[in-house]
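**Student:** Per Swiss-Prot, region 'Surface exposed passenger domain' is recorded for 72-1061, and the stated evidence type is similarity to another entry. Annotation source Swiss-Prot lists region 'Disordered' at 420-886, 900-949. Residues or ranges marked as compositional bias 'Polar residues' by Swiss-Prot: 427-442, 589-603, 631-645, 673-687, 715-729 (among others). Annotation source Swiss-Prot lists compositional bias 'Low complexity' at 443-504, 520-588, 646-672, 688-714, 730-756, 772-840, 848-886 (among others). Summarising the annotation, Swiss-Prot assigns region 'Outer membrane translocation of the passenger domain' to 1062-1099 and lists similarity to another entry as the type of evidence. According to Swiss-Prot, the feature region 'Translocator domain' maps to 1100-1152.
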Amino acid sequence: MNRIFKSIWCEQTRTWVAASEHAVARGGRASSVVASAGGLEKVLKLSILGAASLIAMGVVGPFAEEAMAANNAGVCLTYNGSSNNTSGTGGWFADGCKSAGWVQGMVTNSKTDWVGLTADDTQIVLDGSAGSIYFRTGGINGNVLTMSNATGGVLLSGLAAGVNPTDAVNMSQLTSLSTSTATGITSLSTSTATSIASLSTSMLSLGVGVVTQDASTGAISVGANSPGLTVDFAGGQGPRTLTGVAAGVNATDAVNVGQLASLSTSTAAGLSTAASGVASLSTSLLGAVGDLASLSTSASTGLATADSGIASLSTSLLGTADNVTSLSTSLSTVNANLAGLQTSVDNVVSYDDPSKSAITLGGAGVTTPVLLTNVAAGKIAATSTDAVNGSQLYTLQQEFSQQYDLLTSQVSSLSTSVSGLQGSVSANTGTASGDNSTASGDNATASGTNSTANGTNSTASGDNSTASGTNASASGENSTATGTDSTASGSNSTANGTNSTASGDNSTASGTNASATGENSTATGTDSTASGSNSTANGTNSTASGDNSTASGTNASASGENSTATGTDSTASGSNSTANGTNSTASGDNSTASGTNASATGENSTATGTDSTASGSNSTANGTNSTASGDNSTASGTNASATGENSTATGTDSTASGSNSTANGTNSTASGDNSTASGTNASATGENSTATGTDSTASGSNSTANGTNSTASGDNSTASGTNASATGENSTATGTDSTASGSNSTANGANSTASGDNSTASGTNASATGENSTATGTDSTASGSNSTANGTNSTASGNNSTASGTNASATGENSTATGTDSAASGTNSTANGTNSTASGDNSTASGTNASATGENSTATGTASTASGSNSTANGANSTASGAGATATGENAAATGAGATATGNNASASGTSSTAGGANAIASGENSTTNGANSTASGNGSSAFGESAAAAGDGSTALGANAVASGVGSVATGAGSVASGANSSAYGTGSNATGAGSVAIGQGATASGSNSVALGTGSVASEDNTVSVGSAGSERRITNVAAGVNATDAVNVGQLNSAVSGIRNQMDGMQGQIDTLARDAYSGIAAATALTMIPDVDPGKTLAVGIGTANFKGYQASALGATARITQNLKVKTGVSYSGSNYVWGAGMSYQW
């Protein structure tokens, strides 16, 4: 039969398609073409080449349709519901287009328009009716979608927004994600800033603390809401300087050094006024000597002036006394304020108001005075605003006392001079031999130019010299000697007082027996001596023999260069040394001793406090009876002792005897080198040890004890917490009553115990007694070697065992229990899940209530049970009771030895049987099922497909509802039946009932014994016959002589004639075929692009990729994804774009 074809434009597929001569194209774009045999061969060759490429690369996974025969290639065109024709190679296409075996179940004569290309088992089908393109490949590697061109990747456009977790996303979704992310970040930033501002406000509003500031007023308070009355500024190194102190106004205000300097200035002013009165008196006396006639008047005037001077001096002294009284009163007030303070961490100094102009100790508005202690000495200067301490005031009081004594001596000397003057008024027998000289008194001699000698036996031999007093002598130029037996022999020297001597140039000696022999020296006070250059001795029997030295106080001695001794019996013999306090001694160079009996003998040493001793170089002793004998040592506190080099002892009775040691706290002891003890009775005796806390002890080398009564006796050990004990080497105990006795052990938690070497116990009552064991959680126990217990009341007693979870128990060697109430008692067993149990050796139970009791058994899933040796149960309520049995799926059961059940409710009861699929049953020995509701009851039988049944021994049923009931029978295809012994049925609905019969094809029937029915609907009812059709549906057989009758086969000649006719008909289809070729090229490129996408790798769950391909200049891009649903099930899908066509495909495979 001849047909004429034409090509028309399909609006749905947007392609040119082949159609009947009677078809009309919408829009009138149809065109008639004449196809040539060469054109068809070209299309077929290209199709075969493209299909071969797909086979080599792999496309979408296999489908369930029947595969075509191998080594065949061809094309099948179907339109208007009927098959056009087929050009192919090989036996599969030898007799025309096949109606079955196409991808997606395509069947000839059942679809309106479709084109199929095949090469062996790899196919491409263009379904015009559905507007879809389908792919299938026999390969297993078609899992890569690659899109590329000569310069790189290609653009995939028109992509819809992804919905499912495995969908691709487009640019719109990505932009939306970026926008939402930016919004989230902005929101986070805003909320963070708000939180920080809130935190700042909360911190500023704190009412109790060390130093707080009100958030609203800015006022600073110190412990405003705490009841303590004492502020202690002392640090680890002693008192601190309080700077920025405003001048006190009220009786309870602190005073600064500026106020103290002002007081000193007013005192000096009083002294200056007294000196001015004395000078006025001397001038008057000189006038009396010049004119005897007016001597009486001048004397009276001088006496009056002297009286005035004395009165002024008295007034100044009274004013000074008032100032001292006022100062004493202020000091009494300060002392009263400071006396009321109690040491309190919660009480600190705060500003009274936001202006920060005043600070009231005890808080704003408090009228009860408080004591301010441990105030470092403030800087004394006119511009200083520093606070001063009691020591500085005491020194000022001592200096004032000395100046007062000096003034008393000067007034006494003045009284003597007046008495001598009165005697001179009666008789003047002195000799004045110098130019402009004056001599008054018996045997008075003034031989120097402008000299004055006033007094019995007084001598003024130096130019501009003045000698006033009995036996007074002024021999130095510009010298002055005032007082009985006073001597001023140095240039510009001044001797003021009975038997006073000033022999050094610019020297001054004031006081009875005072002696200033050094250049620029000053000696003030009875028996005071200043022999050093620029030295100053101030006080009764004081001595300043060192250059630039100063001795202030009764019996004070400053013999070192630049030394200072202040206080009764104080001694400063070291260069640049300072002794401040009664009987204080500073003998070391640059040393300082402050306090009664304080002693600083070491170089650069400092001793502060009664009976304090600093004998080490650069040492510091601060506190009553404190001792710092080690070089660079520091002792702070009553009876504190720092004897080790670079040691520090802080606190009453504290002792730091080790090199670089530190003891901080009452009765604390640090005897180990580099050791630190902090706290009452704390003891650090080990080298590099640290003890912190009351009664803490660190005796091990590099040990640390932190907490009340904590003990760290092991080398490199650490104990933290009340009664914590770390006795093992490198051990650590943290928590109340924790104990770490094993080497390298760690106990962390109240009452925790780590006694095994390298053990770790973390949690209340946790216990790790095994070597290398770890116990974590309350009441956890790890007693086995290398064991681990993690969870409340967990137990790991087996060697190398692990128990994780509340009440978890791992008692078997190398066992692991994970989950609440889990138990692993078998050797090498593993229990994972709540109440899971693994009692068999090498067993594994995973899931709530899972149980693995058999040796080498595995149970996975809720309530799963593996009781047989080497058995495996995987799935909720699954059961594997047979030896070596495997059950996979919910309620799956493998009860036979070596049996395997896979799928929900699957059952494999036969020995070595396999049941795969939901409700599948394999009851026969060595039987196999694969498919939902499939059944294999015969021994050695196999059933594949939904509801497939293999009842006969050695039978095989393949396909949905396939039945193989005969012994050794085979049924393949949906609804196929092989009931005869050794019978075979292939094809949907095929039926082989005869013994040894074969039925091949849809609906084929072979009922005769040893009969064969080939082809759809074929019937072989007679024994030992072969049928290729049925009555009324006969088929031709080729390669025979020319047929004559209606049922005869035709020969090659007849076939060639038929092919020639077909070619003549196809000549007019060339344009349509060319269009088809172009579409095929694009389709091949699209299909190839799908194959370029890599498959999901073993061990991974999901893979998403893109691919590209080019075939004969036609470019395609593809996007695909592969997902591994389970270990046996894998799904693949993809979409490809070429030109204006889209290709998509999906596949699924189940493997076992």
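Quick reminder: no glycine exception, Cβ is built from N, Cα and C everywhere.
Mind mapping these onto the model and telling me what they sit next to?
**Tutor:** For the region 'Surface exposed passenger domain' (72-1061), the model's average pLDDT works out to 78.
Across the compositional bias 'Low complexity' (520-588), DSSP assigns 0 helix, 25 strand, 44 coil.
When Cβ-Cβ distances below 8 Å are used as the criterion, the compositional bias 'Polar residues' (589-603) is approached by residues 391, 560, 567, 570, 572, 574-583, 609-619, 621, 624, 628-629, 631 of the same chain, each at least six residues removed from its ends.
Residues in the compositional bias 'Polar residues' (631-645) partition by DSSP class (helix H, G, I; strand E, B; coil) as 0 helix, 5 strand, 10 coil.
Outside the compositional bias 'Low complexity' (646-672), and at least 6 residues removed from its termini, the chain residues within Cβ reach (under 8 Å) are 236, 623, 626, 628, 630-640, 678-689, 691, 694, 698, 701.
Among residues of the same chain six or more beyond the compositional bias 'Polar residues' (673-687), those with a C-beta under 8 A of the stretch's C-beta atoms are 644, 651, 654, 656, 658-667, 693-703, 705, 708, 712, 715.
Among residues of the same chain six or more beyond the compositional bias 'Low complexity' (688-714), those with a C-beta under 8 A of the stretch's C-beta atoms are 665, 668, 670, 672-682, 720-731, 733, 736, 740, 743.
Counting residue by residue with DSSP, the compositional bias 'Low complexity' (848-886) contains 0 helix, 13 strand, 26 coil.
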**Student:** Using a Cβ-Cβ cut-off of under 8 Å, list the residues of the same chain that are 6+ residues beyond the ends of the compositional bias 'Low complexity' (848-886) and lie near it.
**Tutor:** 819, 826, 829, 831-842, 892-902, 904, 908, 911
**Student:** Any residues 6+ beyond the ends of the compositional bias 'Polar residues' (631-645) with a Cβ under 8 Å from its own?
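**Tutor:** Residues packing against the compositional bias 'Polar residues' (631-645) from afar: 234, 236-238, 602, 609, 612, 614, 616-625, 651-661, 663, 666, 670-671, 673.
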**Student:** Determine how many residues of the compositional bias 'Low complexity' (646-672) DSSP places in helix, in strand and in coil.
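**Tutor:** For that range the per-state counts are 0 helix, 10 strand, 17 coil.
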**Student:** Run through the compositional bias 'Low complexity' (688-714) and tell me, per DSSP, how many residues are helix, strand and coil.
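**Tutor:** Residue counts in helix, strand and coil order: 0 helix, 10 strand, 17 coil.
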